[in-house]
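Enquirer: Input: one structure, supplied below.
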Amino acid sequence: MDQQQYWTGDEREYQYHSIEMFAKCFRACNLRQLVEDEKCNKHIIKQDMIAFQANDRQSISNWNIFKACFVREILLLKRNSPVQVFKAIQITFLAFILSTLFFRTEMRQDTIFDGNKYMGALFMAVAAINFNGMIELTMTVKRLPVFYKQRELLWLPGWAILCSIFLVSIPMSLMETGLWTCSTYFAIGYAPSPDRFFQQLLVLFVMHQMSMGLYRFLASLGRTQVMANMLGTEALIAIFILGGFIVSKAPKEHHVKIKSQKECDIRYIDQTVGGQELRKNGVTEKKLQLLRDVNGAFRPGVLTALMGITGAGKTTLLDVLAGRKTGGYIEGIINIGGYQKKQDTFSKISGYCEQTDIHSPYLTVYESLQFSAYLRLPSDVSPHKRDMFVEEVMGLVELRDLRCAIVGAPGVTGLSSEQRKRLTIAVELVASPSIIFMDEPTTGLDARAAAIVMRTAIPGVPSIKDGQNPAAWMLDITSHTMEYTIRVDYSEVYRKSSLHRENMALVDELSKRRVNQKDLHFPPGYWPNFKAQCMACLWKQHCSFWKNPELNVARFLNTFGISMTFGIVFWQIGSTVKEEQDVFNILGIAYASALFLGLVNCSTLQPILAMEKVVFYREKASDMYSSMAYVITQIGIEIPYMIIQVFIFSAIVYPMAGFQLTVTKFFWFVLYMILSFTDYTLYGMMAVALAPSIEIASGLSFLIFMIWNVFSGFIVSRKMMPPWWRWMYWADPAAWTVYGLMFSQLGDCTELIHVPGQPDQPVRLFLEEYLGLQGDYFILVTVLHIALSMLFGIVFYISIKYLKFHRR
């Protein structure tokens, strides 16, 4: 039992004490009487209640609360300056594209086509401003846990933080809308009068504030990144579809009249070892040297503790020894048994319990251990022995009662801090390492949890004598304060002492290669073969996705909701094609299908990929599997979900939109939706791999989606694009999807349609003359879709393998 490890008397006198015995002893001692006396003292209780009631609200004025929140928002704005700079660059870049796409010194107002250009430019301004506000989703979701804690502790009310956020956002919103208006207004050729310029600036400013407020509200409503992204993209789709541009305000024979609404811890450490040697070899810039002249030796079977104050370099030294350092300069030699360390070999015999407990949040405890054991134990270990070993480790760290518990996110769901720490140690122990590094394994744990953790690391180590605590004594006398007080530099004293010379002699002796001692050698590569790596990673991804109902429910509810919205808004628009507007309405549903469904899936998936990327860095550092296996399984696990979503969308939208119910046309519709879905999903993965944070990944995704939106052939047709931008149409996957959907549905239509100001003409001729959709490129766009998906997959692999934003 656990009691024995806390027994301080003679081991021979120890015996188990039951709970009843503890209760009997408590009733017999004087503490019980003191408690009873305290309970009977009603006067004290009454005074305590009065004091509590007097302090159950904020003890400072509302003005001071507001000032504190406002100052904090200013500080956060400065700390988040890279995000604000990225937003400004993004809006400026989009403005440059739009101004050069609609470049006019004077926009004409003579024909309907001129009106379409005006509408396209204004619609893109509204879309860009709305997209720019979506980054508030991620930033708000990350702040919610802190706000909820402060609200429960009665530190601040909601109005204080909301007013502060609103006031701080005003200058940033003015700057971004000002950049957009100044860059586009005169270049496009709007009305040259100053009052019209400021009217447009005011409208866009109000819309930007509306979009940011809307996304903050949706983030607080969703509370998680997945649900917030789902609600945000749903709102964005509703604004776009019901805005009166994608589908006309009142199309003929439309059973729904669309009403256009006026919508107002992973540390980064640059470290050097041996600064003198670096400068001798030509490195002239100054670097912060974290470790200097570190010499030591670790003896087999002996527990070694690194003790020092915060910032002394304990974690840095462990990172260097374990081969986990990703930044800075490292010089020196690390030997194992007299032979120089080889990281590929060393990773197979070592384990590293990091200070931060990083695990896949949607696996159970048992699945996490099974995954680690399968990939880190030698291939010749039978499944039965592997399962027995996992069970033994679970019993050692007392995780058997939690075998079916979901790991969860740190501090939010799932395991507690001490349970996660035990799981971290168990994940390393199932690899049966010869050397295990533990970085502050008992930080934040209570006495019992710390005892369980250390029991796994110190078997056979004799206990410290009673009344002694060398760690506390050493840290106390060697602190900066104590050294300053007594005017003693302990490092200098130790360097001149005989103990230092004896230790250096011992290090030299232990570093020598012993007679007949051979170097460690293992077959190159990973323990399991590539197929086994892929199967293990695919099993892990399947378990994670299956135990993440939030993601799956969001996917399918989103798909169903978008499908029903499209079906109702575009009801039977493809049944009759008699006028030019009918063709544009079909173009609208093709454009909406090509853009929004993939956007929703991408934004919903990216937060999950960002969490798993951090786990991948840890598992990759342990040489559990290759980057290729990770990429293949990430893409492979998405395929069935994508196919199901496309079939749900197609089965609802296709008949409700009134398209011809033929096998060929339905096949092409489904095929192009799958290709478009694949492009967006793989791009979302690539963006997460390329970006250092989820905020940058989301912003980068929305920037590219806006570019795809502009050149999709719906805002402005290919033939109306300036020559310098026409090439971009052929590099736009959304344009390929719109082309494929339009031509597959109307490419064989020879009915005459009425075009205002022109003689009636066949639908196919109108597609070729006005939209530039010709049948010669039908197979080409299909090949381009496949090639682009392969390109995104390759870039995803290269990025995840070589770009390491996990800096240590």
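Placed from the backbone N, Cα and C atoms, the Cβ positions cover glycine too.
Where the annotation comes from TrEMBL, it is an automatic prediction and has not been curated.
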Enquirer: In TrEMBL, one of 197-218, 527-548 is tagged transmembrane segment. Which stretch would that be?
Expert: 197-218
Enquirer: Examine the ranges 59-77, 553-571 and name the one recorded by TrEMBL as transmembrane segment.
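Expert: That would be 553-571, the stretch labelled transmembrane segment in TrEMBL.
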Enquirer: For the transmembrane segment (197-218), which recorded stretch in the set 85-103, 153-174, 230-248, 666-690 gives the largest number of Cβ pairs separated by under 8 Å?
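Expert: Stretch with the highest Cβ contact count: 153-174.
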Enquirer: Apart from its near flanks, which chain residues at least 6 from the ends of the transmembrane segment (153-174) lie with a Cβ under 8 angstroms of it?
Expert: 56-58, 62, 65-66, 68-70, 72-74, 77, 84, 87, 147, 205, 208-209, 212-213, 216
